[in-house]
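Residues annotated as domain 'Major facilitator superfamily (MFS) profile' in TrEMBL: 39-532. If you look up TrEMBL, you'll see 42-64, 76-96, 108-125, 137-157, 202-219, 239-257, 292-311, 331-352, 364-383, 444-466, 478-502, 508-528 marked as transmembrane segment.
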Amino acid sequence: MASLGVEAEQEPLLGHSIPGSREWDIIETEEHYKSRWRSIRILYLTMFLSSVGFSIVIMSIWPYLQKIDQTADASFLGWVIASFSLGQMVASPIFGLWSNYRPRKEPLTVSIFISVAANCLYAYVQVPASHNKYYMLVARGLVGFGAGNVAVIRSYIAGATSLQERTSSMANTSACQALGFILGPEPIFLPLLRCLMQMDASIHYFQFYVFQTCFALIGEKGVTWDTIKLQINMYTAPVLLGAFLGILNIILILTVLREHRVDDSGRQCKNINFEEASTDEVQFPQGNIDQVAVVATNVLFFVILFIFALFETIVTPLTMDMYAWTREQAVLYDGIILAALGVEAVIIFMGIKLLSKKVGERAILLGGLIVVWVGFFILLPWGHQFPKIQWEDLHNNSIPNTTFGEIIITLWKIPREDHNEGPTGCPVEQAWCLYTPMIHLAQFLTSAVLIGIGYPSCNVMSYTLYSKILGPKPQGVYMGWLTASGSAARILGPVFISQVYAAWGPRWAFSLVCGMVVLTITLLGVVYRRLIAFSVRHGRIQE
């Protein structure tokens, strides 16, 4: 078996064994293989829908919140948006623990049902006579709570794949998650379309209604189903669609998903989640998990998501300050850049499956961190050319001093304002604008490309290594903590960068990020030899 495991490590990640071959017969039957991969692909879909659940309404939250509750301000909007990550952070360890001791269908079904119910609540938040904004806050928090099933998904895929298949499966999972964010109808395309509509007011409504994935065709008023007091409009239609897809997802999980667990060589393992016992199943290998490697990987994952979250946050204020872009230009150009980075990430996820066979996961993780460091180092201001100063108006037209809620408000105001937006450039109230050289556009674009390469590489490699370190034992709780650390990073990253950038400017902000990445690379170097698969550590498989 050890020699078979070594050969499997050298094969393509998805494997080329065919029914009837000696390797196939030893590890699993054709029926088990097909059932196992059907179940894994159902969870790819679940991951995709979980991402869509976040992105599908993010840009329409502010106008909907204004419509249902006039007392809501930008600060409260920030809480509404952050509630998704907060809910996911709380739920991930809970669902992970649940999946360790019960069939994974249970936490998956319950979590998706919570998301469906939360989407329905979101559609009804305009009905109560008062406190509507709090109902929206609860609804988005519950959607995030339901998204805590990401921990269950990752732990299932980790437990249902051999070492040979693990990296490829994790890369596919990340690609589905990225596609959910890209194809969610509003986060990328809506800002672009709003800017394009501003450029040609004569086709404003036509373009808006066609390209906002048809939801805006319904309009703000929409139609009302009086019997159940349901108003279907451009704000509620996306979440109702999300609820419908969630119901379909539950049906697929209940009818198609089967409990599968294999060891690092691909042999079936007997555990509490396995529904059908077999004489071919093997017991869990004995041995302790390397807790130092576990903690280190959680830290690495936190830093990776923290860095990318702050980069996404700072893109718009940075370009407005450095290049004197108007708000509509910033949203248009930055939207194009972020959309391109999303496509780039999917390509990287696919390429990693091939590259990992040649150099290994640890080397890719190290290389990705180095690329990210180079990307932020390039962003450091240099030279003698300074950004245009916004003398005309002391009001900061960029966004670094504001909450994320105010960023969303700015995007929604774009098509409603005149072409004459007033002064542009780096506002003089930010003292660093007077002495900090500008970041050239070529610097920014080069940096974005490099970060777009490094981030997805580090992301998928971190939790691929994590799953291998944990071994074939149930991983639900551990994956829950990993997901929670990522949620915390997405909350703290934007807060950190907005405060540092506003007070000290890009030189200090990106220098601190570079220092953070150097410390992370140092940590990786210290634990590098410990980031090995459970079976390799205990001598059952050679690395």
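Heads up, the Cβ atoms here are built off N, Cα and C, so glycines get one too.
The transmembrane segment (239-257) is in contact with the transmembrane segment (108-125), judged by 3+ CB-CB distances under 8 Å for residue pairs 6 or more apart in sequence. The stretch in closest packing with the transmembrane segment (508-528), judged by the count of Cβ pairs under 8 Å and taken from 76-96, 108-125, 292-311, 331-352, 478-502, is 292-311. Here the transmembrane segment (137-157) touches the transmembrane segment (108-125). Their Cβ atoms form 3 or more pairs under 8 Å, with each pair 6 or more residues apart. Below 8 A, the CB atoms of the transmembrane segment (76-96) and the transmembrane segment (364-383) form no more than two pairs separated by six or more positions in the chain, fewer than 3 in all.
For the transmembrane segment (108-125), the residues of the chain that approach it from at least six positions outside its boundaries are 46, 50, 53, 57, 68, 91, 95, 132, 135-136, 138-143, 145-149, 152-153, 229-232, 236, 239-240, 242-243, 246-247, 249-250, 253-254, 257, judged by C-beta separation under 8 angstroms. On the 0 to 100 pLDDT scale, the model's mean across the domain 'Major facilitator superfamily (MFS) profile' (39-532) is 79.
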